[in-house]
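Everything on this sheet refers to the single structure shown next.
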């Protein structure tokens, strides 16, 4: 695990000295991702670098690593979990290895399979292979986007890095906000994966590669999400027999390490399942970690403790007090994400990662379980809304109006269920491919048109990047369509961003067994009834783990590591919000003062009787503004 960066100048527009100086600055910005050592490569066409967090082959795994002839090298961020199997195959093909590192298999795979090497990999990774024979550069990112790779390509100069803060050490990059991406940010807080909020700064999408030579620049996808129901799966036993071996193998593969491994434990089904399998494969108690919130409705620490007691782990709790917001952590999030980040659960993720890093270098998480096995409430709302579309449109419109009027009746106007049904009625009037966007909305369609009257192409074109589905989706069930949306458009730009940046900010490697490609392929064969049944998601996981985990894991509400932001903010939060929104607004001509004031007042005072906005939505709309303005200030971004 580490961070990688570099500048590739195939047309030799920059001096080698300038390239080397810039890349050294870029690499220093990645120190937290790899405090153990640094590696550099410089030649007439490229300056490349990495920071290393030593996990496998602690003594000889220094990068870059070359092939036998010394003319193909690689820098890797991440882990190749099946490297021992790959190494055995490559040895049979007469390749010679000089280290025990997983990184070295990449250069030999490239020699044997060329760009098709990516199909052989099981892991989380972003890497750069430099082929000095041609010259040619080949970069790739893992299937689901666990490891990041940002780039800037202009006038023949290609720069890349694991983090945006590092990439911006290249002072030739213009720090101007991307207006289209801004439209996506306000609508759903999700920026399509190929974009960032900076013009001409991009994220290589998950499951994609870049090939770069003096005459070509190509981006290709090597992985496409697909669901093909297996009609042979008829019973719980059939489904368990399909899933269990792959899940056990995924955990086993991801425990390969030369340093101790721990695990996140939220008390939910996903992390508890991972911990149960990890502990069953361990000879000593696994170290587990959970966040404990003072605000009771969000706290799952009691359930997590029961899981730890049942499984016999060495359990640790990290207290997240009420009203404990600190400005320093706000800036830490911006620095490490490099973009505005709406998900306030980055706060507990940072704090718990900091505690875990004091005990172990590697931790397993339950990320991806909801996406593979239908765990989100969003999935069930989506299918319900599609059911209501069978009702004639005039009746649905009337229902929306009646629910809207009821929302203003004293005594029920703050009813969260009523608010959800009103949103569902509104959403049912929209096109099918827009419904997932509306279910994720942070600012409504009318609010968006108020914020961006005419100018924003994303708003004007109804967010096209979030409405794209593969041709195969025509044969999918509604449940699979919304699962695809979450896996394709939410997981890589929200959940995986949070866990990567907050853990690596603390020099901690986090692995997600649920994102194993073989496990995904197996889960994609399950009929819907083994995903959602009787209004509950993750049916087959519940069935498989019922005799292993405490009942509270299955009966409690889903929380994960989310934070009650409205219970966390304090005077320091209010002062920072006021300073950013009113006094230090970096985009004074972009937003109407009335809009800013409305969001600020609603977010600070949290009027629970507001007929349209929940407390969560009010506080997180303000948090989004604070993150945007703080990011622009921190990175000197202009409009």
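Glycine is treated like the rest: Cβ placed from N, Cα and C.
According to TrEMBL, the feature active site, for GATase activity maps to 2. Within 10 Å of the C-beta of residue 2 (active site, for GATase activity) there are 29 other C-beta atoms, taking all protein chains into account.
Look at TrEMBL and you will find 102 tagged as L-glutamine binding site. Mapped onto three states, the DSSP output places residue 102 (L-glutamine binding site) in coil. Within 10 Å of the Cβ of residue 102 (L-glutamine binding site) there are 25 other Cβ atoms, across all protein chains.
Summarising the annotation, TrEMBL assigns ATP binding site to 365, 366. All protein chains shown were included, and the count of other CB atoms within 10 Å of the CB of residue 366 (ATP binding site) stands at 24. Reduced to three states, the DSSP call for residue 366 (ATP binding site) is coil.
Annotated domain 'Glutamine amidotransferase type-2' per TrEMBL: 2-215, in sequence order. Mean pLDDT for the domain 'Glutamine amidotransferase type-2' (2-215) in the predicted structure: 93.
The site 'Important for beta-aspartyl-AMP intermediate formation' feature in TrEMBL is assigned to 367. Cβ neighbour count for residue 367 (site 'Important for beta-aspartyl-AMP intermediate formation'): 26 (other Cβ atoms within 10 Å of its Cβ, all protein chains included).
Each residue contributes its Cα atom, and for residue 367 (site 'Important for beta-aspartyl-AMP intermediate formation') and residue 2 (active site, for GATase activity) these two points are 20 Å apart. For residue 365 (ATP binding site), other Cβ atoms within 10 Å of its Cβ number 25. Cα spacing between residue 365 (ATP binding site) and residue 2 (active site, for GATase activity): 18 Å, rounded to the nearest whole number.
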